[in-house]
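Read through the structure below, which is laid out as structure tokens, and then see the notes.
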Amino acid sequence: MIGSLAGAFAFGTVLPVPTGSTATLGRGVMTALPGVGIVLGAVAAAVLWAGSWAFGPHSALAGLLAVAVLLLATRGMHIDGLSDTVDGLGCYGAPERALRVMRDGSAGAFGAASIVVAVGAQTLAFSMLPGGWSGAVGVVVAVTAGRVAALVACRRGIPAAEGSALGGRVAGTQPAAVVLVWLAAVAALAIPATERIWQGPLTVVVAVGMTALLVRHCVRRFGGITGDVLGAAIEVTTTVVAVGLVIR
């Protein structure tokens, strides 16, 4: 378990985890990925708190700093995956052409727009979270829920897209029980994130459900999942949860 958690940090962050202490990327590492989300969320929550202290409550700059820390801590690979996935979904042609577009490396109009929307929405939503403990929990919930969505994308029965090295190693590795346990845990964690005790859990479940539909569409369009699809699942879910938690 320690090796899987270390592998999850090596895969999902810029932390210099010694390779000898990590498990090979696969089922165990992906199962531990939401644990990485808890730590990343706590770091982002601390930055949000410090920014709110420096710039005033509900400062958009504080929210932007929290998002920037997440991007730096993950090498921007998830937001890049979102951009590539949106570009792939936005092109015409066979799955092979869509996969070529995704592997091109440059961001098209759709991809660039998706980055702006995701970063902007997360920034504003984080800045609108209540101060104190509830707001910190909200950030942790949003970031962790994104990693739970990655497990949804890797659940049993989901294939890898042709030629996807990462997809081939993680697709279909997560039993439904693992996904449900993590989903229930994050939904429970979300209870104190809002004044209405049902809003947080409902937001988490709805966001993960929406991402499951996105993943299903990606499987139809691309023939399976890729690393980019995992990044898109993480960013979409994080954004939807963050926005859902600040609905009045």
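Cβ coordinates are placed from backbone N, Cα and C, and glycine is handled just like the others.
Positions annotated as transmembrane segment by Swiss-Prot: 1-21 (among others).
Among the features that Swiss-Prot reports, transmembrane segment is placed at 35-55 (among others).
What Swiss-Prot records for 59-79 (among others) is transmembrane segment.
Panel annotation: around the transmembrane segment (101-121), residues 64, 67, 71, 79, 82-91, 222, 226, 228, 235-236, 239, 242-243 of the same chain, lying at least six beyond its termini, place a Cβ under 8 Å from a Cβ of the stretch. Positions annotated as transmembrane segment by Swiss-Prot: 101-121 (among others).
Proximity of distant same-chain residues to the transmembrane segment (123-143), defined by a Cβ-Cβ separation under 8 Å and at least 6 residues beyond the stretch ends, is recorded for 37-38, 40-42, 44-46, 48-49, 52, 57-64, 66-67, 70, 186, 189-190, 192-194, 200, 204, 238-239, 241-243, 245-246. Taken from Swiss-Prot, the feature transmembrane segment covers 123-143 (among others).
Distant neighbours of the transmembrane segment (171-191): 26-27, 30-31, 34, 137-138, 140-141, 144-145, 148, 151-152, 154-160, 164, 197, 200-201, 203-205, 208, 224-225, 241, 245; these residues of the same chain sit at least 6 beyond its ends, with a Cβ under 8 Å from one of its Cβ atoms. As annotated by Swiss-Prot, transmembrane segment applies to 171-191 (among others).
The feature transmembrane segment is assigned by Swiss-Prot to 197-217 (among others).
Residues annotated as transmembrane segment in Swiss-Prot: 227-247 (among others).
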Interface check, the transmembrane segment (1-21) with the transmembrane segment (59-79), three or more C-beta pairs under 8 A: yes
